[in-house]
Amino acid sequence: MGSLSPLSFLWGLLLLQGVLRPLRGDPVFIPPFIRMSSPEVRASLVGGSEDVTVSLTPLQIKEGVLPVPTCGGLRNETGDWNLTVSPQANMLEVTVRWKRGLDWCSPDETASFSEAPCIVQTLLVSASHNASCLAHLLIQVEIYPNTSVTHNASENMTVIPNQVYQPLGPCPCDLTAKACDIRCCCDQDCQPELRELFERFCFSGVFGGYVSPPSHHRCAARTTHQTPDWFPFLCVQSPPSTSPFLGHFYHGAISPRHSPGFETHSHLDLRDFFADASYKQGDPIMTTNGYFTIPQASLAGQCLQDAPVAFLRNFHSVCTTDLEVQERDRLIPEDMRIRTTGGLVTPTVTYEEATDLDKLITSPDTILSAGSAPRNVTVEEHYVFRWQNNSISSLDITIIRAEINAHQRGTMTQRFTVKFLSPNSGGEKEFSGNPGYQLGKPVRALHTDGMNVTTLHLWQPAGRGLCTSAALRPVLFGEDASSGCLLEVGIKENCTQLRENVLQRLDLLIQATHVARRGNSDYGDLSDGWLEVIRVDAPDAGADLPLSSANGMCPEVPTHVTIRILTAEAGAVEGEAQREILAVETRFSTVTWQYQCGLTCEEDKADLLPLSASVKFINIPAQMPRPTRFQINFTEYDCTRNELCWPQLLYPLTQYYQGEPRPQCVAKGLMLLSLLMLAILLRHPWVGMCKAWSSASIQH
């Protein structure tokens, strides 16, 4: 083994000293050794730092030997070095700073890199008490001129070449101007002698400067073991300047076109005359500018602003918008043209004003400012398409807008609906199938008193989720769903009135008395497949129940309604299964409501009572499942289908016989078997055979 240098030996002693001293509770520098390459370094003195003096001294190394450290007559100001001590929690933070800085290192701005360091020196930081040394910190200083960028940025304009013909940024790893970047072999600022130090560790790929590698399709490219089997069966003769990688790494952005305000849209593009489009169910609807899009809610709950609309797909979406975020600029409906068979369709747009914004806006805080003009926001958008065969004949758009303050805060609920109607459809009720129900279509319903009831409903909460602001949405066939809302109840609420109020809100969901058995049942003929809704009566709202007179507590409050719908498959039409409804039942669930108080019960503060509703579709098989191949081929062994049951031939000996104990049955069976064998042996053929064998043996 080679001998250790004095500097390495001293560093090892200081490191060992730094490891052992905290175990004894003595002061120690952490770390005990620092290799300094920047103008400033820091260390910490921990362990008994009270009444400790910290000082700095440069060490003069003679013939590779360090002098013995002493703690007498040391100063904080030592030549070009400055020592600062800052007390911290249970420690002292020691900062050593070089006064001259890096500006002194590079007086020549044209020099890109200097192989010789700017300063090489050894410093010793000592902690002492009453001239007695307690701890030492050894600092090895070696600072180069290009440790950091010291040059001013050039104000010259950089000419960016066209990347189609010349790679943009041929050396991406060249991050420092007028300085050599380590491991960047394409950096022109690196001297050959310096590049030799790291040329084996150069950055690879595009970051290392290989922005235009040679294509393996070129005949001049060298083949490797990783080339495909078909290469070089075909190759291309082309110069390196026409590399296919030019422009490959360019990802440009599309800048919007700003049209002048005086530009009119009365002119028609020649392409519009040939904009012919034929649709089938599920195809995206096209406009002259691209896809026809409407904000829609995704599966993750986010609102997609540019979701395409599919042909013959009705939908209803709800999006929540932050009022502080600027509303996106969308295409003006009047300027939109729908592509269809035979030309273009111009929509008919109707604007309406929204009322009662409190039901749509949550936390309606307004910051008033002088001279702030109101702004318009879109609350609802309704699109009605008229279609015939594979084309769109007309489009009616109804936009409901509201005027709010320019500094309105909170969130707003927006609704978007799309509906497709045939051209001969008028005010008649829309079918939900023909004849059976289609999945996702509303459940058809009616009221015998002639009320305008067409379906069952669930709540569609908005804003704060209160029942007073909740809208209604139809129950869709085959889709289990649940919804709810919050009802404000005071501490002095009358229980009878509370039950009546809750029952009234729950009855709004199921006002219908009959439900259509099929999707095309006639509303005018009650005998055309209409089923009466089976209702399980809710508790009497006016009944005198116990605890009903106590403030803040009401028993037997109906807060949940369950709608069970029995469905079945009733044949098929042209290979399509037809589903129908067999029965509908509604059932109420009650709870005991109690006012929830915090630290104190405030009489003027309302509590929130949650109301909920759920719908459940239960599928009942209309017929037995088709028998399998095993059931068809092996019915001869089925005792329930045949008069002769072979598996029960030895019934007393099988496990199905329970008349006697199992051991007794086995004993009787063995006895019966032995008697049977004896009877067979004593029969006439066996006796004749025995006599013949006996006579044959005598003759021999």
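Cβ coordinates are placed from backbone N, Cα and C, and glycine is handled just like the others.
The signal peptide feature in Swiss-Prot is assigned to 1-25.
Per Swiss-Prot, topological domain 'Extracellular' is recorded for 26-665, and the stated evidence type is sequence analysis.
The annotation N-linked glycosylation site is assigned in Swiss-Prot to Asn76 (among others) on the grounds of sequence analysis.
Every protein chain considered, the tally of other Cβ atoms within 10 Å of the Cβ of Asn82 (N-linked glycosylation site) stands at 15. Sequence annotations record features per position, and here Swiss-Prot assigns N-linked glycosylation site to Asn82 (among others).
What Swiss-Prot lists as N-linked glycosylation site is Asn146 (among others).
Look at Swiss-Prot and you will find Asn156 (among others) tagged as N-linked glycosylation site.
Just so you know, the Cβ of Asn389 (N-linked glycosylation site) picks up 10 other Cβ atoms within 10 Å once every protein chain is counted. If you look up Swiss-Prot, you'll see Asn389 (among others) marked as N-linked glycosylation site, on the strength of sequence analysis.
Sequence-distant contacts of the transmembrane segment (666-682) (same chain, six or more residues past either end, CB-CB distance under 8 Å): 652-653. Taken from Swiss-Prot, the feature transmembrane segment covers 666-682, and the record attributes it to sequence analysis.
Annotation source Swiss-Prot lists topological domain 'Cytoplasmic' at 683-700.
Predicted-model confidence for the topological domain 'Extracellular' (26-665) is 76, expressed as mean pLDDT. Mapped onto three states, the DSSP output places Asn82 (N-linked glycosylation site) in strand. Following the DSSP three-state reduction, the secondary structure of Asn389 (N-linked glycosylation site) is coil.
The two recorded residues Asn389 (N-linked glycosylation site) and Asn82 (N-linked glycosylation site) have their Cα atoms spaced 89 Å from each other.
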